[in-house]
Every structure is written in C-alpha cells, then in structure tokens.
C-alpha cells in the first residue's frame, strides 16, 4: 500500500516509534538497510532553498543503495508553471519515491493525490515532519526516552512548532509553545495535538510568556523568527519577538540537565545567543546529524509499506 508522509500524524504513534528505532539502528550501522539497491531512484524536489534537508536526503538515498535525482524550480518545468499534478504522474513513472520541499502545503497534498509512489514532505509552510523525527531521536538519545519529557518551544508558531506539537504528543511529550499573540500555532493544530495526547499521555499547551514555558523544561527549542518568504516582515517580527531570545537567563530556568535544540540555520543574537548555541547544553549539531538517520529510516518504512524492501 502506498503511504505518504505529509504531516506528522500520517504515522501512528507506534509507527513513529518504529521509525525512530530504525533510525537509531542505522546510526550505528549506516549501511544496514539497502532497500533502494538496484539502484532505484528517488526524486528530491526543491521549490524552497535548503542545506540540511537537501544533503541529508541525498546522502540517505545513496546510503540506502539508490540514486537521488535532484530538481529545483529553476532547472525544471515546475518553475515555468507546469501543474504539480502532471509532475506527480510523470515522476511516479520514473522513481520509487518523491521528496518535496515547498511553500504552500496544498502543493504537497496535490502532489500526493496524483502520485503513485510515496511522497515525503521535506518542509511546507504548515509542517516540517522530517525535522520533528530528528528532534525526537535527539531527545531520546540525550534523555534515555521520550515519555513525559518536557519540551519548551520558544518563538514563532511556525511549521516546526506545529510538527513538534503533533509529533511530541504522539511520543508522549509535554510540549509547551511560547509565542507572542498573532504568532501562535493554528488552533486546529493545537486541538489535533491535544486529541492525540489524550490517547498517548502527551500534553500540549500554548502560552505567551517564554519564562513560563522554559521553567523546569527538559528541552529548550527555538527557531528563526523570520522564515523564508517573510523577509518583508523582519522588522515587525523583531519587535514582536523581543524578549523571546533563548539566552543564558532563559536557559537557567530550565532543568539543570536541559538540552537546547534549534533546527538551523540560526541567527545568533536574535532567537538564540551564541553562548547558548555553542554551550555545553547544546545538542544542535547532533540534532542536525540525525536528519540523515531519520530520513533513511523514514524512506525504508515507506518503501516497505509500498512493497519495496524497507524496514526488515
């Protein structure tokens, strides 16, 4: 059966846990899974610039035995207005899966509707589910588990925050998002995460005070205040997010053994200070590495579901 990964809850909680288990296994033995041996190809389509997402997926596909085929808007007909549904049907004839990083979430849902191979959301304006998998793996490594871990996200209630709410609830985390009024996660996403938490023991909360969120947190997480495509809002966002910087004072409110996460790229001196990013509690570069291992595990899972020799 063809499965897509467009939002975090396209996996069940048990499937999410299985993907994390496989990612941990592949981190220890990077060539233990070869579901793309042939090589089979995977299309990696970027309508939005990337460093970590692009490199992690290209390396993941290669280490799984496959061949990445990288497309961007400039070098393909997508940039000239070819309908995404046509692209979906054509690429499905060539490749084993399609990875898309885009702006509007409707782009990826349309792609999945017309594709006949698995589709992976490598980032949309609504969700960043691949990032959340890497975040959970990093937390599990550092904390020895996920159930009951207190995660405080401080900053823009963006795609990263939305995925942390949903994926965190699925894993049994207690997730608190601190964002100023007007920049909080969509109520529908918060409600969905709360609904999931009722089944898993996870809890979610949205507040407007970063100190409230950070107090006794096991994980302190932040992201940029201004995402790609929002550059005209930079000045207004800096004003709105004044007081939301993850600095030494905010970190001091968290648990003594708290870790700090950031999905990168970081703007030192804005959402996070250099001293925290480079400090002993930072797990940020382990987190970046885990994008690779979780990408491999996710692709293996989706290929297995499609009958393509994925997770053993």
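Any Cβ shown, glycine's included, is placed from N, Cα and C.
Listed in Swiss-Prot:
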- 50, 51, 52, 53, 77, 101, 128, 129, 130, 131, 263, 264, 291: carbamoyl phosphate binding site (BINDING)
- 159, 223, 227, 228: L-ornithine binding site (BINDING)
Sparsest Cβ surroundings (other CB atoms within 10 Å) among the binding-site residues 130, 228, 263: 228
Cα-Cα distance maximum in Å, computed over every pair in 159, 223, 227, 228 that the record assigns to L-ornithine: 12
Packing count at residue 223 (L-ornithine binding site) (other Cβ atoms within 10 Å of its Cβ): 26
Least surrounded among the binding-site residues, given as 52, 128, 291, when other CB atoms within 10 Å are counted: 52
L-ornithine site shell beyond 159, 223, 227, 228, criterion: Cβ within 8 Å of Cβ centroid: 123, 125, 128, 156, 158, 160, 224, 230
Those residues of the chain, 6+ apart, with a Cβ under 8 Å from that of residue 227 (L-ornithine binding site): 156, 158, 159
Cα separation, residue 223 (L-ornithine binding site) to residue 128 (carbamoyl phosphate binding site) (Å, whole number): 12
Assigned element (helix, strand, coil) containing residue 291 (carbamoyl phosphate binding site), judged by DSSP: helix
Sequence-distant neighbours of residue 50 (carbamoyl phosphate binding site) in its chain (C-beta under 8 A, six or more apart): 101, 122, 123
Assigned conformation of residue 159 (L-ornithine binding site) - DSSP reduced to three states: helix
Pairwise CA distance, residue 228 (L-ornithine binding site) versus residue 130 (carbamoyl phosphate binding site), rounded so that it is a whole Å: 18
Residue pair residue 130 (carbamoyl phosphate binding site), residue 223 (L-ornithine binding site) - Cα distance, angstrom, rounded: 15
Other CB atoms within 10 A, centred on residue 159 (L-ornithine binding site): 24
